[in-house]
Each structure stands twice: as C-alpha cells, then as structure tokens.
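Feature annotation from Swiss-Prot assigns ATP binding site to Gly160, Gly161, Ala162, Gly163, Val164, Gly165, Lys166, Thr167.
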Amino acid sequence: MTATAEKTAGRVVRITGPVVDVEFPRGSVPELFNALHAEISYKDLSKTLTLEVAQHLGDNLVRTISMQPTDGLVRGVEVTDTGTSISVPVGDGVKGHVFNALGDCLDEPGYGKDFEHWSIHRKPPAFADLEPRTEMLETGLKVVDLLTPYVRGGKIALFGGAGVGKTVLIQEMINRIARNFGGTSVFAGVGERTREGNDLWVELADANVLKDTALVFGQMDEPPGTRMRVALSALTMAEFFRDEQGQDVLLFIDNIFRFTQAGSEVSTLLGRMPSAVGYQPTLADEMGELQERITSTRGKSITSMQAVYVPADDYTDPAPATTFAHLDATTELSRAVFSKGIFPAVDPLASSSTILDPAVVGDEHYRVAQEVIRILQRYKDLQDIIAILGIDELAEEDKQLVQRARRIERFLSQNMMAAEQFTGQPGSTVPLKETIEAFDKLTKGDFDHLPEQAFFLIGGLDDLAKKAESLGAKL
C-alpha cells in the first residue's frame, strides 16, 4: 500500500471530452494508473465516473482519462483517489457472465462485487518461469492444420482487411476449440460491434460453452479509455485461471487493432507528438505490455487467438506490423481468395507458423505442406503469363501443375460451423491425419481425373467421394 493509498480528494479543473484534469492537495497527488472516482448528479442522472491517471502535469495537477462519457461532469466536482488501479473480479464466478472494462457485470448488475479483485496492470511472468511450447493445437480446419499449425500455449493472429471473415473465423475457433478444450475460455471484445457481442453470447449459450467462458466487452461506442483497457481486463481474468488454478486457458481478442487505435486516440488527447502514420509514439511499448503477459509458464498456459484488422489491406501499417513480432502463428485472410468464394479466405502463401518444422510436426506433414506451397507458388508465378498468353501456351508440365493448384485451392475451402445458419450446410471437421493423406494424394496426381467443383467447400475424403459421385465421377 502506497502513501497515496489513503483516500484523498481533489477537484476537477478542466474537462476536454474524455480528458479530465484534476487538482489535488500538495503531497497527495495520486500515482500513475490510479483509479479516481467522481460523483455526477445532473437532472435525473446520478452515476459514479471512473478516471485513470495518465499524466502528472506538475503543480499538484494530474491528467486523467475517463472510462465513461463525461456528460454532466463540471468543474469543481470532487474527485476521490481510490489508492489503487482499476481492478476486475476473478475466479470461477466470472464464468458465464459478461463484464465491462471496469469489472462491472452487464448481464446481472451488481454481480461479482464481493469477488476477489485483481489489478489490470500487472507485470509479465519472470523470464525464468516461462516455458516454450511446441505442441500442436488441432482445429479440424484443413488449411490451418496443414499449412499454419497452431501452437498450444502460443499466440495466434488472424490478419485481414475489412469484411474478409476475421470475426467469423474467431467464432469458428471458439466453436471448434472451446467445445473440445475442456478448460476455461475468456473472450475480449475490443472496439468491435455490439451486435457481434450479442450474437456471440447467444451462440455460446446454444453450444453449452457459456458456463466455461468469461466475456469482457468494450465496444466501439465506448470512450477510448475503455477500449484501451478492456483487453487488459480480460487478460487479468485469464491470468488468474493460469496462475492460481493452474489451468490451460483460451483467450480470444477481437480486435487488437482497436486496442492500438484506442491508444492512438488517448495519446492524441493527452497531447503527445504522433509517430509514424499518426500512431502513438508508445505503440511498441503498449503492444509489448499486453503481449508479454500472454504466455505459457511452467505447466500452465494461455493460448490466445487475436483478430487483427489491417487498415486498407496494408500490412506495412505500424499497427499490424507491431503485432507480428509477438506471434507464433499468423493466418492471413486475403481479399483475392475471398473474391473466389473460397472460405475461410486464408492466403496459404502469406500465412506462417513457427512449428511447421519436421522436428515438431513430423517429416510426412512437413513434406506434404511444402509440396502444396510449392505448387501454389508456381501457380502464382504463372498468373501473369496465363493472363497475357492464355493457359494453352504453357508447357504440359505447367498445365498439369495449374490444374492441381486450382484443385488444391478449392480443397482448402471448408464449410464452417459459425456459418451454418447462413449457408444451411453443416460445418465439417477433418482429422489431421486425413488432411495430410488427402493432400498427399492430390499433389501426386491421384485426383487429376476429378472435376474442380468436387473439391469446393467439402470436408475430407468421404465428402470428396460423395461430391465427385454427384458430379458423375468416381474417386
């Protein structure tokens, strides 16, 4: 407990949108990140406003960021220093409920007030306590398991521009992994649509997974302070399950870009000089503070899946570029693949994984994956020639390769559980062994006699046989 932990009162002296300057008595200035409370009474409105100390301005003044709209707040209002930072409830009781960034329960107001609370500002685990993981997390999605295998206890990101399927794929992973995981899941909705949060709540309840999932939301209608802190609030809940209960935890974050965007808004409001492309000068530091806490320690882990919006499909933008350095696997969603009607719209040549290595996944898996990548890369290299001269001008070997590449592209598509209500087709799950076997046969030419359409939006070999038969061909 610090010297400023005793509750002291100050006064609001300046309000600029979500930025509030507060003056405290000499010697009682609150520390950075302390939470302050201000009581607002305006007409029929009565509420407690939470402010977080962001800067010390000198002369007993602090600059704070409000976590709620400042409507009704006026100069002279008394502000109380709580002596601690923002904290959220932790423990088994948070499962099955929705919280905001401040730890207030949204589906059952007042719930969780008497729970143990942890500060959202925490240090990452010590380096000596970290435990590298190389175990593969099987998803049942062919394109992911074959070409960008996910690491259990690792950090995984889904990159993509607007409208290419990031949120759908995140929901698909929740359906596939959380159902079979058996552990605890935490979902952070950072600056995304409220409708999507409601849809997720309903889907989790229908799938009987809600009882093992905690949800924390700070959606796009919230002030930037809330959107900047909600990921830390969700992560704190996940850390409790990892550190105190020794559980393997799944952490879903949608969307990391909104976390960066909120930080940029706050930085501008605080008057900091902008850095590249207008982002905050502290971008790398803020991203590191979040990502370094998402890690595996001895015998327990947090496996995170993060959606990352790519502004204007520009992967050199500082927001997605800063995220890359922290990841174990990247799945890049492509507008070009999306335009072909191939879902999930994963770009197999741009996606990567640190465990696509024969020492981890085995020689057979690695060999088949590399052959698939080789064929797709050669097909990409031939695109310009095909566009100018036509496919008939290619050598026979290249013609055959192009036909196989087109079959591979379509076979990488798959019906998803999260899209069942829209497509009317049940989602399919393909075991890794079957995926490797099927693509091995495909790259060797065993399926050259089948029409391309037979490979489109199906699961494994059984689905391929049925689809081929319906098109008048035999496997």
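Quick reminder: no glycine exception, Cβ is built from N, Cα and C everywhere.
Location within the structure of each feature annotated in Swiss-Prot.
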residue : record           : CB count, 10 Å
Gly160  : ATP binding site : 27
Gly161  : ATP binding site : 17
Ala162  : ATP binding site : 11
Gly163  : ATP binding site : 10
Val164  : ATP binding site : 26
Gly165  : ATP binding site : 22
Lys166  : ATP binding site : 27
Thr167  : ATP binding site : 21
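Neighbours of the ATP site: apart from Gly160, Gly161, Ala162, Gly163, Val164, Gly165, Lys166, Thr167, residues of the same chain with C-beta atoms within 8 angstroms of the site's C-beta centroid are Tyr309, Leu333, Phe338.
According to DSSP, Lys166 (ATP binding site) is assigned to a helical segment. The DSSP secondary structure for Gly161 (ATP binding site) is coil.
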